[in-house]
Every structure is written in C-alpha cells, then in structure tokens.
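Here's what TrEMBL has on this protein:
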- Arg173: active site (ACT_SITE)
- Asn191: active site (ACT_SITE)
- 60-69: compositional bias 'Basic residues' (COMPBIAS)
- 158-244: domain 'Acylphosphatase-like' (DOMAIN)
- 381-567: domain 'YrdC-like' (DOMAIN)
- 51-74: region 'Disordered' (REGION)
Amino acid sequence: MADTSASCTPTRASWGMRLITSPAAVSSPARRFISATLSATLSATTLARCRKPSNASATKARRSRRSSRRFSESMVFSSDRRASSCSWAALDAEGKAVPMQSLRKRDRGEVRLRYVPAPPSVMARSCYFQRGCPPTTLAHMAFPSAQTNSTTPIATTRVVVRLRGTVQGVGFRPFVHRLAIRLGARGEVRNVGDGVLVELEGEPGVIEQFLAALSREAPRAARIESMEVHAEQPQGVKGFRIAGSRTHDEAMPGNGKVLAFARVAAVPPDLATCSDCWREFHNPADRRYRYPFLNCTQCGPRFTIVIGVPYDRALTTMRRFTMCVACQREYDDPTHRRFHAEPNACADCGPQVAWSVVRRADTDMREPALPVVHATDARNENALRAALTVLRAGGIVAAKGIGGYHLLCDARNADAVARLRLRKDRPHKPLAVLVDTLSTLRTFADVRASAVVSLESPAHPIVLVPTSKGAAQPLAHNVAPGLDSVGVMLPAFPLHALLAADGPLVCTSGNLSDEPIAWRDVDALRRLAVLADGFLTHNREIVLPCDDSVVSIGDDGHEQPVRRSRGYAPYPIPVAASLPASIRASASVLAVGAELKSTAAWLAADQVTLSSHIGDVGSPETLEALTLATGQLEAMHHGRADVIACDLHPEYHSSRWAAERARQSGATLVRVQHHHAHLAALMAEHGLPGSTPILACTFDGTGWGTDGTVWGGEMLLGDCTGFTRVASLTPFPLAGGDAAVRQPLRGALGLLHRHGHDVSDNAIAPMLHHTELTSEARRLMIQQLERGIACVETSSMGRFLDACAVLCGGPAKVSYEGQAAILLEVLARQYPGTRMRAGYNIDVHEGPASSVNRDGVHAPRWLMNPAPMLQALLWDMQAEVSASRSLNRTQDAWADAIAPIAWHVHDAVARVVVDIALRVRRDHGTNHIGLTGGVFQNQLLSTLTARALETDGFEVLQHRRVPCNDGGLALGQALIAAHATQKMSPTSSTSRLTHHLAR
C-alpha cells in the first residue's frame, strides 16, 4: 500500500485508517498504548503486529530532524488481506520516500508505520478511518493536548468528526445526540452535503468512548464508510444539540479548513417497518393502531420520497404534511425514537388511503357490490374493507406501495391467478406471493433459517424458497407453474400487512409485461385500469419508482441478488480498491447497463451508486424510467457526468440513449464489451485491485462480441483494463437470431445441425415432449439452417442450455427468457443420484487463435466442444423414449426417467469449467475464478461448479451484492470506463471510445 502523501491530509487508502499527529503530541507511554491496542486488535484478525521502530530507524529519524525536516508520526492500518508487508518508511519535504529497515512480513494484511512531513502550522492530530478497519483501533486512540510542547492531556478535548456513508435518513443524528448526552459530551451534530458533521468537547476518556460507540452502537441501517477526526482547541461550548443542515461548501469550524463536498451523503434505501413500529401497529391502545404509514428513525420510506440532500423533511414529499402537536412533540423529544424522524406522521396529520372502483362494461368477473365508489376515513378502514371485498370475490386490486403500484389477488384462487395472467399477458412467468407472517409461509413452503434472515432484514426482499410437497394449504398451481420454488415476501409496508391478513396474496409489479412499474397516480390509473378491478391509493407522493428486490439463497446460506432494488438501492458499492487514487480523483462516470434487467450507475470518488431496477429497455416507458433514474443520480451528486458508459452493442436502446446524451452534454462515450463488464463488476464487488487479473466464467444469454457475433459462453482472463478470451463455447447457429429466445427449438436444431446430427422430423419429433410448434414451422427452421438464411452465430451458454432443455423434452416455445433452462434445472434437481451412469463430456479443443488481431477482435484460445455430450444425450433420450412407449409411463414417471439426463448436462458444464481453469492456472498462475452472468442464477449449476473448483484449490468469487445477471452490469461498465478514459491522451479530441483492450 504505497503512500506518496506529502502532507498531513489523509489519503483515502482502501479500507484503512490513518492517524496523523505532531511530533511532540504523543508521549512514549501514549505511543506504547497505541501500539499495544493495535497489536491486540490485529492479532484477533490474523493481521500483522504493530511494533516500535528499530534503533536504526530511530537514528535515521533523529538525523532527519537535525537536518531541519519537520516530521509528524503517522500510523496506517489496512485490512486489505492481500497485502503482505509491514515496514517503516520516511518521506522528505518533497514527498520522496527515504527507505528504512523492514520490520516484518506476514501472509495476510499489513500495518505500516512511517514518518510523513507535516507543515509547521499543523499542530492538531487527525484520524482517518474507512469501512473495514476494526473500530477499536480508532476508538482507543488517546487524545493528547493540542499543545505540542506538553505530553500531559488537558482537562477538555475538542474534536470535529466527519462521517460519510449512509448516515442520513437512518436516525444517525438522534443517535449521536443521545450518545453525547449519555456520555456527558458537549457540542452539536448536523447533516452536511456529504454526510454528518459532529463537533464534540469533553474529557479525553469521554471522547474515546464516544468514538468507540459510533461504530459499535450505530443504527442498524447506518453504514459508516469513512470517518475523519480532527483535534482542535476547546471553545467551551455548553450542552449538545442537533444543528441546522449545511448544503454547501463552508469552512471546518475552528481551523478554517474548507469542506469540499465532492461526494454527497448516501441516500438511504426504503426500510421495512421495524419491530417497535409493528408493536404499535398491532396495539389497540396505541394512537397508531392499524395506521398504514407509521414509521420511525429506523424504518419507513427514504429513497422513494427524497427530493434532495441533506435528508430533511423539507426535502421529502412529506413536507406537505404538517405534523400534529403529538407528532411534533415526539420529533422534538431527544429521548423518543421518533426524535428527528423526518417522515413522522399519524392518522391525524399524515397520509391517508383511498379506494376507487374500475367500472368496465365488458368485465370478465361480476362487479362486487360496494357501498361507495370512493371511500376514505381518518382510520383508512372503509377503503381497506372495500379492497378486501374485491380480493375475497376473486378480483384484482392495484395497490400503491412504497415505490409503485402492485397488482394483488388471492394466491390460493386459481381462477383469480389465471385472470391476472390473462390481463397482464404473463402466461407462465412465476408470480411473487405476499404473506402476513412466517407461520402462513410455512403452510406451503420450506423455509430455511438463512431465508428467514433475508425475509426479516431491513430490505424485506422477495426471497426464492422451495415449495413444500404435500403442503397443508398449497398455493394455486398456476402461481409458479412447473417450478419447485416460489418467490415470497413479508410486508415491508403496513398497508400490505392489512391486505394480507386474510391469506397469501399474489403480489406482482403493477405493469404490463416488459413495462416499468407504474408509480404516478394518473399514469397508474391510465395503464392499470385494464388490469385491475379497483385501486387502493394513498396521497404520499413517490419521487422515483422502486420495484421489489429479489434474492435467492445459495447452498452455503449466502444471499445472492437476482434483482437489486427496494431496500438495497441506492446503497453505494465501495470501489476504492479497484481504482487507483489518480482515477478516483478524476472524472465522474455514468453507466447505463445493457438492454435487459437494466440499472444505471454513477461512479464518483471511491464508490459507485446504483439505481433501482429499471427493467428491459425497449419501450418508451422504460426509456423514460432510465432518464428518471440517471437524472436522480445526477441530482444526488450535484452534477453531470464527464464520461458515459454503455454496452458495445450498437443497436441497444440504452446504447443509443447514451450516445445521444453524450452528444448533448459533451461527455466522453465509452462502449464496453458486455462480458468484460460482468468480469469487472465481480472484481469491484470483491474489492480486487483493478489491475489484478482474474479468470471470469461469464455465461449468459447474449452479449455483443468484439468479432460481431453473439457471445455468452466465455471464459475471460482479465481485469478492469482489458481481457483475453481464453475459452468459448463452440459457436452454433440460431435460425432467426433473437427469435430463439422465445423459441428454444431454434437453438436445438442449430446445435444438432452444427454437429452433424439428423434434424428431420422423423429423427427429432419423438423427443419433443411439448409440440407448441407445428411440423411446418420446424421445416422452415431447418431450411434456414441448411441455406444459412437469417442465421446468427452464437457461443451463448444460455441458448445452449435452452437447446438441451428442448432435447430433454422441454418446451419448444416459451413465454419468458430462460424458461426452458429453468425447467431443465428443476428436472435435474429431481435426480436422487442413486442410479449412476456414465457422465457426459464437453471436450476442449484448440481455438482458431490465442491472441487478438490488430482490430481488437478476440478469438478464443480454447473451444468447449459439446459434441460428445450431445451424442450421449441423444442416445439416452432415445432409450428413454422407447422405454416410455413400452411401459406407458405417467408424466411423473417420465420426469423421473429424464432427471438423470438433465443432471448430467449441468455436471458436464461444471466439469469443463474446471478443465479450462486448470489450464489457465498452469499457464498464468491465476487462482481466482469468478462465476458471473445470468446463467449462474441456476443454483444447481452454480453449486456444482463452485464445489468442483474449490475441490481443486481455486478461490471462487460469486456475486453477493449485485446480481450476476445484467442488473449488475452497470457497475462493471463504470469501472472499465474510468480506467479507459485515464489511458486516453489529455490532448485527444475524441469523445468516443470503444473499449475492449487485451493483454
């Protein structure tokens, strides 16, 4: 961790803490105390020990002082576990390093002690802490006198503490106020443009306790990313208060240092109702009994109601609601948990719900008899009763939530579910289910402890859980047709709890298929009137739409995001480790993702802020959602981007949008290869240096390659600056190109045709268990393949698994992307492993090239050839087809017979990944391998691959913070664009850069 700082201003070293002090400020006992504290802390985390300098280094230091250099002692701690050294160093007045004796090397972590020059005017001590550093290393720093000619602490110490991260909108100022009062400290706390500023006076021991408690006792939703502590001369302040917010640059109190808000405070996500508020909600004696909008400093809407920062009520949509006397009293009471709770409200002064009936002449259900067309009262009960009447009658209700509208119906009423699917044009895609309690959930699903943790987390996402076989109270069969799991969620919003009290409800986004969620009232009435029988709305305005998040739980119990949105967005992703300091200090980057499952991202300084889920960018409504999301990111960061990153595919709507925005703003446009962005996103998520190559297994449905073909089965060796395409699935043709996404038979025929198999109806028809496509349609596809008409070459692993699903009797035509491969996974999971048979093999052959030509077109070194696997699969399927005919098998018996074939398809893919990884490790020494791309949402494939790699000693990287699908792509795009623009000549006049560098 090289340090080139030439002043006492702390550099933002990744995941570290820095202490700076004048030479005489720390006595020998104090120095020993600090050293001992660090040693104890580090030993607990298997990091290197902190030691006093050797005599030789001390002698050099004395000589430096005698030569009129003024030094201050600096301790730097880094919890970066890849570091390996512990040493002393000195820098002269010009910032040049003076080598000193090396002290100790350890395998993991580092602590470095060094001398750095300090200006003569700097007498105060400063600490800089970043997330990842154990809080005790900061908390136990003794605060000496600011008088540098004394080693005896004075009675009162004054510090100014500046905190960045998610520290606004999470009850942080009230927490600081209560903490200061409890410890007897004096001063004030306020929101500032990039976080929270605390001015504190008290006994040295009190200050130490305060700093320790900041990290240890912070509110559950707070995330302290960095902390700066500046010691100053005491001013004799009295008491402690929450002061008014600062929204612009101004001087740091006491020392004149300018606070430049290059970063802004992280706006917190919307937080699910906390346990304290639920107790009030269910208590008939409480004044907020059954009030749908209760909240406190620990829960409630945040991101979707924020108009600007700092986070104050006046900058939220709650500004239209004047608090009543009782709510204002709570807001002003330092001992109350609603002290400075900005959305604070009750039934007397806060938002209310309303009910409206949709009257259609050609309704396909009887109109429920309602007493009124529009019902509302102070307790919201009339509107609620009207909505429940419709749900009980099998109707569909459009209910306004935290970040938009949901469509609700009875999850145990198959007719109601079928009606919703028909209106929404969503015939098969699984629907999420809302339940009021875990007890209700357990009546139809198997819920592991790890799933409960996610379900009850502040984010309250939709969690994929396995359905119970022989459940006592099963859901309707058409909620998740053909699947062995279902997405479920607990109420994140009290109104949902009131609606779900009668039983589980289907709870799906309020939109037509392939459109963004409806969130504006007028727009929702226009778009959803054809879908819903009634509207349950409220008068709290939504600033920005935010769909529900979706996560799955891996076999290791870790949460794996499928859709990162409500409850997670816009939590920033720290990327300091992946960006050199020179890049962090330069341009801001806006990235817009790809075409499907899109999100936008903003990179500034050492973090990336991701938007909520936008969706598939292909309609005017979704492009508007992209514009809104990027506008919100700009507003949050008070500026426009210098660089705009997009996908390499020139025809994507998002790429066109980015090109037009860059043209209008004069920003540099960087086009990033799709799978390279997946690789970079995984590196950033795991805090890997941006120039340290990893092997990334990037398997997905589609991504534009540098050779103009469709990629998707790639193994890339690279980092944020470039990549080499070391392996790829052998390409095969797709008759009709993108039509194969909804008609996977096209991929199956292309795969058979490429590997020389008979594709005539006589050969393949017996294996087609589902016959959605006629014989004539199949004949036309075969003609396309034979003549090469409208055929697209692809190496897509997603389309390959779709094709295998068809050959295993799966659907020839699907209604949502990946449906065939998902059903193949479900089938494979039924394989008990008792009837072992020979595994399938995917061979590895030398590819057409092992490098990149002058035009930057990447050709793989190795090709993964599925020909042997394909032949074995066909033999097995033909045998099972013959057996089924003779035995007259039932549907369940057929599935049991095919399950081993489906399982061996997954196993073959996992084993070929290990084969390539071993070759790369042999040639390049690379031991980090990442699994990324939408195909790895397949839990079976992900588990088989990770276990096989770990058995061979690889360190496997998987997504934990952003989705492995295209929902995490913008993160990688932003990092690659930041690295790419640094490589551009400062005098270059180009404003366009296509980035697909190779090693």
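Note that Cβ sites are derived from N, Cα and C of the backbone, with glycine treated the same way.
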Point to revise | Integer Å distance between the CA atoms belonging to Arg173 (active site) and Asn191 (active site) | key: 8
Exercise for review: Report the DSSP secondary-structure composition of the domain 'Acylphosphatase-like' (158-244) as helix, strand and coil residue counts.
Suggested key: 25 helix, 37 strand, 25 coil
Check your understanding: If one looks at the chain holding Arg173 (active site), which residues at least 6 apart in sequence have a CB under 8 angstroms from its CB?
Key -> Val189, Arg190, Asn191, Val196, Ile242, His340
Review point. How many other Cβ atoms are found within 10 Å of the Cβ atom of Asn191 (active site), counting all protein chains shown?
Key: 25
Exercise for review: Take the domain 'YrdC-like' (381-567) and average the pLDDT across it for me.
Suggested key: 95
